[in-house]
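Structure first, then comments.
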Amino acid sequence: MDTTTVLDKYTQDLSNLPLEVKHLLQELKNKDVQLQEARKRYQTKDNQIHKFIRANGTLTKHPKEQQIYNKVEEDMVLVKKLQKEKILLANTALFLVSKHLSNFETDIAKLEKDELLPPVDNVMELDTPSSDMNSVINGLSDNLSGTTTPRGHSASTPVADNAANSMLRKAQKRKHALGMKGASGLTRPSKRMKSEDFEDKKYDNDSLSRPNEGPGNNGEDADNNLYCFCQRVSFGEMIGCDNDDCKFEWFHWSCVGITAPPKDDEIWYCPDCAPKMEKRKKKRK
């Protein structure tokens, strides 16, 4: 596997991603429209009751009060259901992007290990943005225009390799800027934890913008590992997935739609692992 192969692979893999994300966002928008309509309905009905009380006093019961409140309750249940579906759709879109990014970073690490791509720390910042862009354009223009460049027995051209190296280096820089999640060594004493229990340290909102130093340079009291579908540092309430092979392990409550802690003996799987564990459970039966 060389840099050109990796670039071609992910150009192909990502070809459908924009349409998939667009579809999920459209579904999310449709759910939001339904939610707003349901909310408007129960607020209108509730206002009817209050208007009647103001006109007739609290002792006089509205002739359709129970019927109205039943409709209000139905719409409130629907709003809660739609909100959970919106969260799931948003997390699915986030997971799709995170999955491709994680696979890309894994292949970059392999290229670095095989010395086919220089580590980001050793990349000299001599290339200007224009030269980087020109190398990418020159390397991909043949494919985009439907023409080919003679290669003889060579597996890839220098121009294509330069283009691939350029794009992969940029991906490397982005990976290090975000602070790629390393081996955290975390055990799971409890499925629910506050951020201060999670790491005895609070993080500012701008922590994502600060470059993450490599392993061993962070110090023992600093942890910039990224968790959850959102790939952010720990904060607030966290919950751990009970699947030992879970890719993300820990999740923010708000990202998975949790509002109350599960019981100590309750098994909880993240939205990504839940379908897999359900299939595994059915196979055992």
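Just so it is clear, glycine is given a Cβ too, placed from its N, Cα and C backbone atoms.
Around the Cβ of H252 (Zn(2+) 1 binding site), the same chain contributes Y227, C228, C230, R232, S234, F235, G236, E237, M238, each under 8 angstroms and 6 or more positions distant in sequence. According to its DSSP assignment, H252 (Zn(2+) 1 binding site) is in a strand. Look at Swiss-Prot and you will find C228, C230, H252, C255 tagged as Zn(2+) 1 binding site.
C246 (Zn(2+) 2 binding site) has a Cβ environment of 17 other Cβ atoms inside 10 Å. Under the three-state DSSP scheme, C246 (Zn(2+) 2 binding site) falls in the coil class. Among the features that Swiss-Prot reports, Zn(2+) 2 binding site is placed at C241, C246, C270, C273, with the record citing similarity to another entry.
The coiled coil annotation in Swiss-Prot covers 19-54. Same-chain neighbours of the coiled coil (19-54): 60, 62, 65, 68-69, 71-72, 75-76, 78-79, 82-83, 85-86, 89-90, 92-93, 96-97, counting only residues six or more beyond its ends whose CB sits under 8 Å from a CB of the stretch.
Residues annotated as compositional bias 'Polar residues' in Swiss-Prot: 138-165.
Among the features that Swiss-Prot reports, compositional bias 'Basic and acidic residues' is placed at 193-207.
The feature region 'Disordered' is assigned by Swiss-Prot to 138-218.
Secondary structure from DSSP puts Y227 (site 'Histone H3K4me3 binding') in a beta strand. Every protein chain shown contributes to the tally, and the Cβ of Y227 (site 'Histone H3K4me3 binding') ends up with 22 other Cβ atoms within 10 Å. Annotation comment: Swiss-Prot describes Y227 (among others) as site 'Histone H3K4me3 binding', evidence class similarity to another entry.
Residues or ranges marked as site 'Histone H3K4me3 binding' in Swiss-Prot (evidence: similarity to another entry): M238 (among others). DSSP assigns M238 (site 'Histone H3K4me3 binding') to a strand.
Sequence annotations record features per position, and here Swiss-Prot assigns site 'Histone H3K4me3 binding' to D242 (among others).
The site 'Histone H3K4me3 binding' annotation in Swiss-Prot covers W250 (among others).
The zinc finger annotation in Swiss-Prot covers 225-276, and the record cites sequence analysis as its basis.
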* Taking only the recorded positions C241, D242, C246, C270, C273, which one has a CA atom nearest to the CA atom of C255 (Zn(2+) 1 binding site)? -> C270
* Which whole-number value in Å describes the distance between the Cα atoms of W250 (site 'Histone H3K4me3 binding') and C241 (Zn(2+) 2 binding site)? -> 6
* **Sequence-distant neighbours of C241 (Zn(2+) 2 binding site) in its chain (C-beta under 8 A, six or more apart)** => F248, E249, W250, F251, W268, Y269, C270, C273
